[in-house]
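Visitor: In case it's useful when we look at the structure, here is the feature table from TrEMBL:
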{"type": "BINDING", "residues": "LYS4, ARG5, ASP6, ILE7, ARG8, ARG134, LEU135, GLY136, PHE137, GLY138, GLY139, GLY140, PHE141, TYR142", "note": "ATP binding site"}
{"type": "BINDING", "residues": "ILE50, GLU55", "note": "substrate binding site"}
Amino acid sequence: MVTKRDIRDEVSGKLESMSDEEWRGWSKEIAKHLISSSLWKRAEVLALTISRGKEVDTYFLIETAWKQGKKVVVPRTNFKNREMAFYELTSFDQLEDGPYNLKEPNLRRCSAIDPKKIELVIVPGLAFDKNGSRLGFGGGFYDRFLPQTKAQRIALAFPCQIVPLVPTEPHDCLIDHIINPDGFLS
Ligand SMILES: Nc1ncnc2c1ncn2[C@@H]1O[C@H](COP(=O)(O)OP(=O)(O)OP(=O)(O)O)[C@@H](O)[C@H]1O
Ligand SMILES: [Mg+2]
């Protein structure tokens with residue numbers, strides 16, 4: 001049986017060997033599909049993460065959302081209770097360096113938002129399957145957070161992040177839609 005650990009190792013390796021050109025080109029394609037979708041167009045409050053390394057680029061998405069007058073909220077992670085809170089971001093200057101190479105909203109410069117106000121969540125993750133199962137980074141943060149909102153859940157994935165089957169446990173939350181460089185998978 002394939003375990004979460006197997007998929008983590010396999011997909012992390014493939015992501016590391018992705019070239020910068022692939023990262024840039026595929027991020028652009030994925031952004032194009034997301035931004036032209038009705039889900040994006042009708043959402044006024046969007047939750048995104050600040051992308052790191054070989055994650056699909058979210059800086060361009062955040063800038064686009066600002067230009068379109070949308071509200072962007074980003075998480076701050078509490079590693080003690082493994083919970084996240086979301087704060088409104090209006091400028092990248094409001095970010096500070098957090099643990100694990102994370103960029104997080106500065107508490108003195110950003111205000112918290114009620115998760116119920118979020119309409120669309122761009123959910124990060126390592127791997128996904130076509131049924132919407134998700135493998136995250138192993139903390140269970142999104143599995144704890146997603147049940148607090150009714151927002152649509154979209155994941156953005158490079159080709160190597162789509163796997164035949166993500167093994168799941170009862171606490172794992174499903175994703176509504178996955179976008180890869182060719183468009184919506186589901
Ligand atoms: N809703 C929850 N309540 C309590 N514990 C949870 C919950 N969701 C996940 N956990 C615990 O968190 C740990 C990590 O979960 P999992 O392997 O699903 O992480 P993940 O989905 O990869 O992480 P993330 O969502 O942070 O990207 C597991 O030990 C799991 O039992
Ligand atoms: Mg999980």
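Including glycine, each Cβ sits where the backbone N, Cα and C put it.
These numbers come from a predicted model, not from an experiment.
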Visitor: Listed ATP-binding residues LYS4, ARG5, ASP6, ILE7, ARG8, ARG134, LEU135, GLY136, PHE137, GLY138, GLY139, GLY140, PHE141, TYR142 - what's their greatest C-alpha to C-alpha distance in Å?
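Guide: Roughly 20 Å, rounded to the nearest whole number.
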Visitor: Which whole-number value in Å describes the distance between the Cα atoms of GLY139 (ATP binding site) and ILE50 (substrate binding site)?
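Guide: If we compare the Cα positions of GLY139 (ATP binding site) and ILE50 (substrate binding site), the gap is 17 Å.
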Visitor: Using CB under 6 Å from any atom of ligand 1, narrow the binding-site residues ASP6, ARG8, GLU55, GLY139, PHE141 to the ones that qualify.
Guide: GLY139, PHE141
Visitor: Determine, to the nearest whole angstrom, how far the Cα atom of ARG8 (ATP binding site) is from the Cα atom of ILE50 (substrate binding site).
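Guide: Each residue's Cα considered, ARG8 (ATP binding site) and ILE50 (substrate binding site) end up 20 Å apart.
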Visitor: Indicate whether LEU135 (ATP binding site) is helix, strand or coil by DSSP.
Guide: strand
Visitor: Reduce the DSSP letter at ILE50 (substrate binding site) to three states and note it down.
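Guide: The residue in question, ILE50 (substrate binding site), is coil (DSSP, three-state).
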Visitor: Could you state the CA-to-CA distance between PHE141 (ATP binding site) and GLU55 (substrate binding site) to the nearest Å?
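Guide: Computed Cα spacing between PHE141 (ATP binding site) and GLU55 (substrate binding site) is 17 Å.
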Visitor: Does anything in the same chain, at least 6 positions from PHE137 (ATP binding site), have a Cβ under 8 Å from its Cβ, and if so what?
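Guide: Correct list: PRO124, GLY125, LEU126.
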Visitor: At the Cα level, what's the spacing in Å between LYS4 (ATP binding site) and GLU55 (substrate binding site), rounded?
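Guide: Answer for this pair: 19 Å between alpha carbons.
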Visitor: Give me the non-local Cβ neighbours of ILE50 (substrate binding site): same chain, 6+ apart in sequence, Cβ-Cβ under 8 Å, ordered along the sequence.
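Guide: Listed in sequence order, they are THR58, TYR59, ILE62, VAL74, LEU95, LEU102, LYS103, GLU104.
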Visitor: Which one of the binding-site residues (ASP6, GLU55) has its C-beta surrounded by the most other C-beta atoms within 10 angstroms?
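Guide: That would be GLU55, with the most Cβ atoms nearby.
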Visitor: Provide, as an integer number of angstrom, the distance between the C-alpha atoms of ASP6 (ATP binding site) and GLU55 (substrate binding site).
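Guide: So the alpha carbons of ASP6 (ATP binding site) and GLU55 (substrate binding site) sit roughly 19 Å from each other.
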